[in-house]
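Presented below is the structure to which this report refers.
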Amino acid sequence: MAAAVQRGLPVAGGGESSESEDDGWEIGYLDRASQKLTSPLPTEEKNEIFKKALTTGDISLVEELLDSGISVESSFRYGWTPLMYAASVANVELVRVLLDRGANASFEKDKHTVLITACSARGSQEQILKCVELLLSRNADPNVACRRLMTPIMYAARDGHPQVVALLVAQGAEVNAQDENGYTALTWAARQGHKNVVLKLLELGANKMLQTKDGKTPSEVANKNKHPEIFSLLSLTLNPLEGKLQQLTKEETICKLLTTDSDKEKDYIFSSYAAFGDLEIFLYGLGLEHMTDLLKERDISLRHLLTMRKDEFSKNGIASRDQQKILAALKELAVEEIKFGELPEVAKLEISGDEFLSFLLKLNKQCGHLITAVQNIITELPVSSHKIVLEWASPQNFTSVCEELVSNVEDLSEEVCKLKDLIQKLQNERENDPTHIPSVEEASPWRSRILKRTAVTVCGFGFLLFICKLTFQRK
């Protein structure tokens, strides 16, 4: 044989399994000294050299062999053509050369197309994207399915390539096609845990309610395969990204969807479009997405919206029916608070000790509820930012609110300490009054302990909010 194989680092073959080394793809490197054809060779030897040149990606030798008469549609074991192999390893230049030499971009073997091979190739997303783009430019059909009825977009979604998915849809791929098990591209992405692909498919109009043959939606498939972030994302009441790009022309879609960051190693956590924030999520969940532009024009944040009074709704042009939806949602979201009722008129001399004690007990209980609420928030917060499913507002907004909370708690602590000192002063004066006869109740220090406990609770709440503030700043 004119080209001896020199064993070295392994190079991916064509994926076939063979019983003899002579029938399949060789794994290895060509001897560099034997790459030039110095004399005519038998066809069988040329085919072997051709396979090895494809294996090593030796484009110059491939071109030389094609010039010598080797067919660009040569059929190797299992019926694979050179283009099929080049696509399987995402060798962009080799795919380009073979296509320029007349290779059939629509070739298929047992319903396995070159395009499907490229979408499921071993390689980086950038390489796969370029190969797919080349094949589509030569009229490869993005909707031809394999024997399992899986289309190229399903393979791209399964393997986690959002830009390939976007390109296929831009070239006419059916985003909601289903395979033999009822899986769509969205179902495959949810099953494999590819959040960036899920977001991209939602932008492109994927229907998240389509069920598999066993009756499961993509969100249920994600939950079954232990992908809680995707499960939460797909469980939103409405889909704010659905159909976002359907009105664009093909050229506009390609231009927008193929815009990518120059950092190739970047984790595509979100799509190339800005992800939706907390205000959008709240509005879409209530079916009030039409209010998004209005609120943004008036620079109304979610926090502002949730604290608006009824007259403010009208001033900002919010319709009565929309007001009712927001107020109903606020009623559901509102944390039950302990109402103090009418505070005792402490200035009056006839105020009873029981009334005043009741007020202090309610204040202490309220502080306890607040401490529990903050503890729950700290427990539930993700430990790292990449675990957050939906985009948050600037962390500065959160830390500023925490700073206000800490300041208010410090003020509250200071006022409670003043109250404690005042009560203690009154108590001391009363004890020193020679005309005063202490009652049995006064002999017991339990009321004093309650006051001390209230003061300690308030101080503890202040410390807890300080820790919460540090946690937000660190995130």
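The backbone N, Cα and C atoms fix where each Cβ goes, and this holds for glycine too.
Taken from Swiss-Prot, the feature domain 'SAM' covers 272-334. Here Swiss-Prot flags SER17, SER18, SER20 as phosphoserine. Summarising the annotation, Swiss-Prot assigns region 'Disordered' to 1-24. Under the heading repeat 'ANK 1', Swiss-Prot lists 45-74. Per Swiss-Prot, repeat 'ANK 2' is recorded for 78-107. The annotation repeat 'ANK 3' is assigned in Swiss-Prot to 110-144. The annotation repeat 'ANK 4' is assigned in Swiss-Prot to 148-177. The annotation repeat 'ANK 5' is assigned in Swiss-Prot to 181-210. Residues or ranges marked as repeat 'ANK 6' in Swiss-Prot: 214-243.
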Can you break down the repeat 'ANK 2' (78-107) into helix, strand and coil residue counts using DSSP?
18 helix, 0 strand, 12 coil
In the same chain, residues at least 6 away from the ends of the repeat 'ANK 4' (148-177) whose Cβ sits under 8 Å of its Cβ atoms read 113, 115-116, 118-120, 125, 128-129, 132-133, 136, 142, 183-186, 188-189, 191-192, 194, 196-197, 199-201, 204-207, 210, 250, 253-254, 257-258, 260, 268, 271
Per DSSP, what is the helix/strand/coil residue tally across the repeat 'ANK 1' (45-74)?
21 helix, 0 strand, 9 coil
Across the repeat 'ANK 3' (110-144), DSSP labelling yields 19 helix, 2 strand, 14 coil
Which value does the mean pLDDT take for the repeat 'ANK 2' (78-107) in this predicted structure?
84
Per-state residue totals over the repeat 'ANK 4' (148-177) - DSSP helix, strand, coil
16 helix, 0 strand, 14 coil
